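The domain 'Malic enzyme N-terminal' annotation in TrEMBL covers 108-282. What TrEMBL lists as active site, proton donor is Tyr131. The (S)-malate binding site annotation in TrEMBL covers Arg184, Asn418, Asn463. The active site, proton acceptor feature in TrEMBL is assigned to Lys202. Positions annotated as domain 'Malic enzyme NAD-binding' by TrEMBL: 270-532.
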Amino acid sequence: MWNLTKFVASRLSRSRRFFSSVIPRPCIIQKRGADILHDPWINKETGFPLAERNRLGLRGLLPPRVISFEQQYARFMESYRSLEKNTVSEPDTSHVALAKWRILNRLHDRNETLYFRVLIDNIKDFAPIIYTPTVGLVCQNYSGLFRRPRGMYFSAKDKGEMMSMIYNWPAQKVDMIVLTDGSRILGLGDLGVHGIGIPIGKLDMYVAAAGLNPQRILPVMLDVGTNNLKLIEDPLYLGLRQPRLEGEEYLSIIDEFIEAVLTRWPKAIVQGTAGVALAGLLGTVRAQGRSLDDFPNQKIVVVGAGSAGLGVLSMAVQAVVRMTGNAETAAQNFFLLDKDGLITKERKNLDPAAVAFAKDPGLIAGLRDGDSLLEVVKKVKPDVLLGLSGVGGVFNEEVLKALRESGSNRPAIFAMSNPTMNAECTAVEAFKHAGENIVFASGSPFENVQLGNGKVGYVNQANNMYLFPGIGLGALLSGARIITDDMLQAAAECLASYMTDQDIEKGILYPSINSIRDITAEVGASVVRAAVAEEVAEGYGKVDPEELAYMSK
């Protein structure tokens with residue numbers, strides 16, 4: 001019987017061998033001369049041996065000395081460590097972060113093989129630079145940082161032309177597409193075309209974590225305008241200078257794009273954004289000394305009724321339904337707040353997406369529509385405080401102290417908004433005001449907090465990079481054309497159960513980023529199993545659905 005996790009892991013191992021040196025076997029190159037040096041996929045820079053320089057018309061276009069791949073690797077790392085050393089005392093951390101991003105981006109632009117080798121080997125150091133939190137700074141400054149295009153750009157001006165445009169992409173096969181319209185970027189709001197930085201960074205992580213072929217990934221910006229007046233008035237802004245399309249006009253653009261993609265690449269996986277919070281919520285139950293089956297009894301206050309908050313809330317409620325089989329009462333222990341306070345059924349002009357989570361005013365004594373966060377925490381006495389508001393500091397001292405008095409044996413705080421300035425609270429604030437026994441997770445990187453008696457308050461960075469490379473890999477290897485709710489649930493539950501009991505007792509909900517490839521293999525296997533169970537798996541390569549179904553765990 002085949003082993004499913006080993007099958008998934010073998011794909012990762014193959015990619016690791018690929019990036020361990022230059023391309024390991026002969027390949028046909030259609031380009032010659034300077035065109036090769038300008039193609040980051042095949043460019044080896046000074047690594048071309050003399051025979052290849054003669055054959056490919058490169059002689060005279062490069063310095064005479066041949067520098068091996070390993071020497072190039074060492075030279076880049078020396079350059080990067082020198083930058084770190086020279087900026088260690090820099091007060092402007094955003095300036096330093098962008099400088100680090102630039103040096104990595106320049107490598108990406110000229111030599112993808114070396115770039116991904118460096119990224120895979122140094123994932124802990126480089127993940128925060130190519131993805132959160134630095135990618136937020138990159139998106140804010142994208143027009144000024146732009147040097148060469150990466151990915152594809154479809155705009156409202158391209159309506160009626162997308163079917164032909166999709167064939168302008170040079171790769172014959174695409175496995176994974178990450179799409180954004182730039183409307184909600186990491187709590188920074190509407191960044192328009194600048195949002196392309198998110199799909200680029202996310203897909204780089206997919207290559208490093210899931211072993212996807214970098215020639216078969218595609219970041220896409222769907223530019224439907226922007227409501228950010230500052231961008232519209234910026235002479236350097238690279239996107240459409242018009243208000244953002246909405247309603248049927250917007251949906252027609254999405255439909256045309258999806259039709260074009262699926263016509264050329266019928267099995268391509270198209271991903272938007274989503275959260276890893278559910279895995280952390282399930283892990284919190286274990287940290288409180290309870291079994292996962294007790295998750296439906298957790299009282300959870302969610303601050304933020306935008307797409308991120310509603311998305312996490314929907315997944316959490318679906319998890320409760322799976323555990324209890326009762327959809328009618330699944331949302332009873334979730335309390336949702338927006339900028340106007342607690343959402344109840346008395347709220348007028350309520351967002352249709354939030355209706356399912358609106359509370360009956362009499363559910364808890366004294367609970368009223370529009371109650372403040374502090375009032376809700378005092379009356380509900382939650383086990384978990386989950387922030388997806390994008391409002392920095394909303395978990396203030398009073399709120400955190402009220403949570404401390406909630407009665408939960410180990411309350412959990414998820415300050416998920418990023419970048420750091422938008423986090424609902426810092427790790428230091430959480431441990432200081434809510435108590436040293438809390439579980440803390442954030443969307444932005446905070447340092448662990450030194451507590452009294454030599455104890456450590458662990459900070460969990462709740463980041464999509466732990467979960468979604470595995471979801472993408474599992475969907476790809478199962479051949480599923482859609483990613484179902486059960487596949488997402490399986491991934492979250494797999495991540496939640498990955499941690500040891502000892503780690504959970506310390507308040508550690510997520511594994512080290514250094515283990516990202518092992519985690520991705522485990523999550524990917526769980527997604528394949530879920531796809532097989534739901535009969536949406538169509539197989540991958542020579543492995544058909546029947547063989548997937550007979551694989552062991």
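Quick reminder: no glycine exception, Cβ is built from N, Cα and C everywhere.
Of the listed recorded positions, namely Arg184, Lys202, the sparsest CB environment within 10 A is found at Arg184. Around Asn418 ((S)-malate binding site), a 10 Å sphere centred on its CB holds 24 further CB atoms from the protein chains shown.
The recorded positions listed here (Tyr131, Arg184, Asn418) include Tyr131 as those with a Cα within 10 A of the Cα of the residue listed as 'active site, proton acceptor'. For the pair the residue listed as 'active site, proton donor' and Arg184 ((S)-malate binding site), the Cα-Cα distance reads 16 Å. Its own atom aside, the Cβ of Tyr131 (active site, proton donor) has 24 Cβ atoms within 10 angstroms in the protein chains shown. Within the model, the domain 'Malic enzyme NAD-binding' (270-532) shows a mean pLDDT value of 88, rounded to a whole number.
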